[in-house]
Protein chains: 2
Amino acid sequence: MSYKDGYTVAVLGATGAVGRAMLETLERRDFPVRELRALASPKSAGQQLTYKGETVTVEAVSEASFKGVDIALFSAGATTSLEWAPKAVEQGAVVIDNSSAYRMTDGVPLVVPEVNPHAAKAHKGIIANPNCSTIQLMVALSPLRSIGLEHVTVSTYQAVSGMGQKAIDALKREVENGDTEGTLFPVASGTNHYPMAFNVLPQCDVFVEDGYTKEEMKLVNESRKILELKELRVSPTAVRVPVVYGHSESVSVRLNRPVTAAEVRSILAEAPGVVVVDDPLRGLYPHPLMAVGTGDTYVGRIRRDLFDDRTIWMFVVADNLLKGAAWNAVQIAELLITR
Amino acid sequence: MSYKDGYTVAVLGATGAVGRAMLETLERRDFPVRELRALASPKSAGQQLTYKGETVTVEAVSEASFKGVDIALFSAGATTSLEWAPKAVEQGAVVIDNSSAYRMTDGVPLVVPEVNPHAAKAHKGIIANPNCSTIQLMVALSPLRSIGLEHVTVSTYQAVSGMGQKAIDALKREVENGDTEGTLFPVASGTNHYPMAFNVLPQCDVFVEDGYTKEEMKLVNESRKILELKELRVSPTAVRVPVVYGHSESVSVRLNRPVTAAEVRSILAEAPGVVVVDDPLRGLYPHPLMAVGTGDTYVGRIRRDLFDDRTIWMFVVADNLLKGAAWNAVQIAELLITR
């Protein structure tokens with residue numbers, strides 16, 4: 001994609017939690033935007049957002065919205081992506097889609113720029129942004145591929161912002177007013193709803209098969225596609241906690257040979273997108289509030305399993321709206337452009 | 001211990017979060033109390049508590065406090081236990097100690113009544129109550145000993161009440177006033193302190209060795225002693241979450257032969273102290289608010305590992321102040337008495 005005087009960028013779902021973060025990230029990373037189009041459903045049209053100090057008025061998405069667009073960042077849910085991505089591509093845009101709609105589709109690259117930037121080149125108009133909990137896991141695991149990944153286990157501590165702005169608002173209401181009669185957690189479509197304030201819910205997204213949730217199966221299937229390891233074993237447990245921003249993951253990884261924590265720490269310290277914070281005796285390790293507002297993945301509590309010299313445990317934290325969504329999407333866009 | 005017209009019971013640390021729960025539990029389980037002595041440090045003396053509708057005035061602990069006491073429930077920290085337990089035993093009391101002081105001492109039984117009630121009989125005056133996160137893990141794992149336990153992994157989601165009443169108050173202050181300048185989390189003795197509200201801290205108790213915390217090593221060492229499996233492999237990660245009451249654990253257990261989730265579910269459904277809540281398609285699984293106020297251990301999300309037919313994953317929840325402390329202590333006391 002050649003640089004003229006910048007690129008025309010559309011953001012579909014601009015008023016959502018991730019959409020707003022996309023605008024912020026384009027600005028923070030000084031993406032060469034010639035023209036910005038903030039798009040959303042008709043009911044959000046007319047809302048005003050800010051980009052580089054200027055007001056941007058949200059337009060209702062239509063086929064005309066994508067005329068002349070170079071890059072379209074989508075974050076408006078899978079149904080919207082399935083409807084609008086082909087139309088945007090037809091108009092000549094490259095769509096970077098944050099929904100799950102195309103992630104496992106053959107021929108659609110699923111990209112974490114620190115991990116598989118080469119995959120982006122093979123796109124046919126659509127590039128998928130992985131799920132939030134997968135992205136940070138990939139940034140932390142990919143550098144260890146040189147040793148050989150045998151088995152990964154992950155238990156997550158996921159922030160409510162992964163469910164969008166309405167979940168952020170709902171948690172705040174629960175905490176402030178004790179209003180726990182909401183019908184949003186764990187999922188709006190569920191038959192049972194539970195309080196999220198001061199609670200932990202071992203369900204993210206809906207259940208799909210054999211007792212696993214869709215979120216858990218994303219950790220398995222997306223990891224395999226991104227790492228290009230079709231047989232990789234990932235054992236997932238996805239859990240929602242009363243945190244607003246920032247996903248945490250308790251991860252074990254069994255490698256193909258014995259390793260020390262020091263070796264893993266030194267590999268990760270050199271890895272792109274990783275910040276090692278690991279000095280427990282000084283009280284230093286990652287936690288969600290440390291990651292908020294950044295595009296990095298924080299790794300700490302790096303230690304060898306007490307009994308298996310091939311297994312390393314670590315605690316992996318990132319801002320789920322940034323590295324887990326908007327930041328990663330803008331990084332993908334940067335792979336497509338020249339400055 | 002023979003029943004006369006009931007037993008004289010002392011509670012040391014009666015004004016603390018666990019101490020208060022001990023009084024409530026004695027009442028709820030209708031423990032045959034002839035006389036109740038609420039004991040604490042001199043600075044808490046004179047406080048008034050309620051037991052069976054009557055006011056109990058807290059006394060400063062002294063040697064005289066244990067005269068004629070049959071059973072002394074201790075929950076005032078390890079230092080206090082080391083000082084006062086021998087004196088109470090000398091006066092003829094059996095001490096059930098909720099601190100870590102004697103848990104790993106040879107000759108001191110470490111008891112979860114559903115798991116190793118026989119061990120209590122061999123006491124020499126002191127019986128130790130295990131750590132909160134260990135107790136609920138034991139209740140869920142013990143029934144699977146019949147298949148053979150090979151390797152356990154556990155990532156915890158621990159409530160702040162495990163750190164006592166002051167931590168409950170501190171979390172409420174943080175949430176209500178945004179006051180996150182406290183110096184309590186993760187541990188008061190630490191060099192760094194972090195907010196707990198809307199955050200996750202991968203540290204419970206202090207770090208001891210090779211990157212593990214004392215809380216994590218308790219999960220290893222106490223489990224081995226209670227289950228009488230000296231070689232059991234337990235791989236622990238202990239994490240604090242902004243929950244007031246109720247610890248959760250994401251647990252995997254590798255067994256000695258292939259099993260199905262249905263087999264494990266049916267074993268656990270028959271197990272003492274376990275409530276299986278496991279119908280994910282109907283949105284049913286354990287979560288902390290479900291367990292609060294009860295003495296049971298809730299197990300759900302029971303499912304086979306996606307790749308290993310010998311490994312089962314489950315989510316284990318209990319009220320850390322009750323089953324994790326006061327309730328278990330009173331259950332131990334019940335092993336000693338006749339009604």
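Backbone N, Cα and C atoms are what each Cβ position is placed from, and that goes for glycine too.
TrEMBL entries are annotated by machine, without manual review.
Per TrEMBL, the features are as follows:
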DOMAIN    A:8-123  domain 'Semialdehyde dehydrogenase NAD-binding'
BINDING   A:THR15, A:GLY16, A:ALA17, A:VAL18, A:LYS43, A:SER44, A:SER161, A:GLY162, A:ASN320  NADP(+) binding site
BINDING   A:ARG103  phosphate binding site
ACT_SITE  A:CYS132  active site, acyl-thioester intermediate
BINDING   A:GLN158, A:ARG240  substrate binding site
ACT_SITE  A:HIS247  active site, proton acceptor
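Features recorded in TrEMBL, as mapped to the structure shown.
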residue  : record                                   : DSSP class
A:THR15  : NADP(+) binding site                     : coil
A:LYS43  : NADP(+) binding site                     : helix
A:ARG103 : phosphate binding site                   : coil
A:CYS132 : active site, acyl-thioester intermediate : helix
A:GLN158 : substrate binding site                   : strand
A:ARG240 : substrate binding site                   : strand
A:HIS247 : active site, proton acceptor             : strand
A:ASN320 : NADP(+) binding site                     : coil
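Taking the binding-site residues A:THR15, A:GLN158, A:SER161, A:ASN320 in turn and counting surrounding C-beta atoms within 10 angstroms, the largest count is reached at A:ASN320.
Nearest neighbour of the residue listed as 'phosphate binding site' by Cα distance, taken over the recorded positions A:THR15, A:ALA17, A:SER161, A:HIS247, A:ASN320: A:ASN320. For A:GLN158 (substrate binding site) paired with A:HIS247 (active site, proton acceptor), the C-alpha to C-alpha distance reads 4 Å. Shown for the domain 'Semialdehyde dehydrogenase NAD-binding' (A:8-123): DSSP residue counts in helix, strand and coil, namely 36 helix, 32 strand, 48 coil. Between A:ASN320 (NADP(+) binding site) and the residue listed as 'active site, acyl-thioester intermediate', the C-alpha separation comes to 6 Å. Restricting the recorded positions A:THR15, A:ALA17, A:LYS43, A:ARG240, A:HIS247 to those with a CA within 10 Å of the CA of A:CYS132 (active site, acyl-thioester intermediate) leaves A:HIS247, listed by sequence position.
When the recorded positions A:LYS43, A:ARG103, A:ARG240, A:HIS247 are compared by the number of other C-beta atoms lying within 10 angstroms of their own C-beta, A:LYS43 comes out lowest. Within 10 Å of the C-beta of A:CYS132 (active site, acyl-thioester intermediate) there are 28 other C-beta atoms, taking all protein chains into account.
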